[in-house]
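Q: I have a structure here, written as structure tokens, and I will follow up with some questions on it.
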Amino acid sequence: MMVSFFDQFASPSFLGIPLIAVAIALPWLLFPTPPSRWINNRLITIQTWFINRFTNQLMMPLSVGGHKWALLFASLMVFLITINMLGLLPYTFTPTTQLSLNMGFAVPLWLATVIIGMRNQPTVALGHLLPEGTPIPLIPVLIIIETISLFIRPLALGVRLTANLTAGHLLIQLIATAVFVLLPMMPTVAILTATVLFLLTLLEVAVAMIQAYVFVLLLSLYLQENV
């Protein structure tokens, strides 16, 4: 029984062909494209307002050099939100529950911020490994600890996104299974459980958006240290 709960996280395939590429490419087909008219419709207006507000808030702490990343961060934010939200629909697959995919996003972007820091300001970038005023006997230990924490950052990014979405999907499936089992035996308890399931689904919608925002926000903070 427990194996069936985790089957939802297995990459689907059709005729031996993995469908994760289709699941990743589908969100881009759902975004409305701006028309050639001067006045946009309500959907595109809301989409543009959301992206502008998010980009302004994300780029505010960064210097001018970091504003070049605005398009990348906004695209990544919209992409992750769309994938996470589509994964809450029945009979769908959530690519962001795969640690390999999340690490594929986290490692290159984190490494890009580190390389930018080493290229533009190597002294400041290396200075983060040793806090100011550290006693001399603690210098080797602190350098090792800060280096380990630096390399753990991409792992934390990927694991955080994977763990939150995986835990939410598992909890929803467990409670939904309990509703179906309790319905013929104890209808009142099943109705109360279904209410909890509805509230949990609303919470998962918020988690899907918040985790995408946190992923991009942490990347912007890493970039802020290196520009």
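Backbone N, Cα and C atoms are what each Cβ position is placed from, and that goes for glycine too.
TrEMBL feature annotations, pasted as is:
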TRANSMEM  12-31  transmembrane segment
TRANSMEM  69-89  transmembrane segment
TRANSMEM  101-118  transmembrane segment
TRANSMEM  138-159  transmembrane segment
TRANSMEM  171-199  transmembrane segment
TRANSMEM  205-223  transmembrane segment
Q: Residues of the same chain, at least six outside the transmembrane segment (101-118), with any C-beta under 8 angstroms of its C-beta?
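A: Residues 20, 24, 72, 76, 95, 124-126, 150, 153-155, 157-159, 161-162, 215, 219, 222-223, 225-227.
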Q: What residues elsewhere in the chain lie close to the transmembrane segment (12-31), defined as a C-beta under 8 angstroms and at least 6 residues from its ends?
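A: Sequence-remote neighbours of the transmembrane segment (12-31) are 47, 78-79, 82-83, 86, 92-95, 98, 101.
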Q: When each of 138-159, 171-199, 205-223 is checked against the transmembrane segment (69-89) for Cβ pairs under 8 Å, which one has the most?
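A: Going through each listed stretch, the top one turns out to be 205-223.
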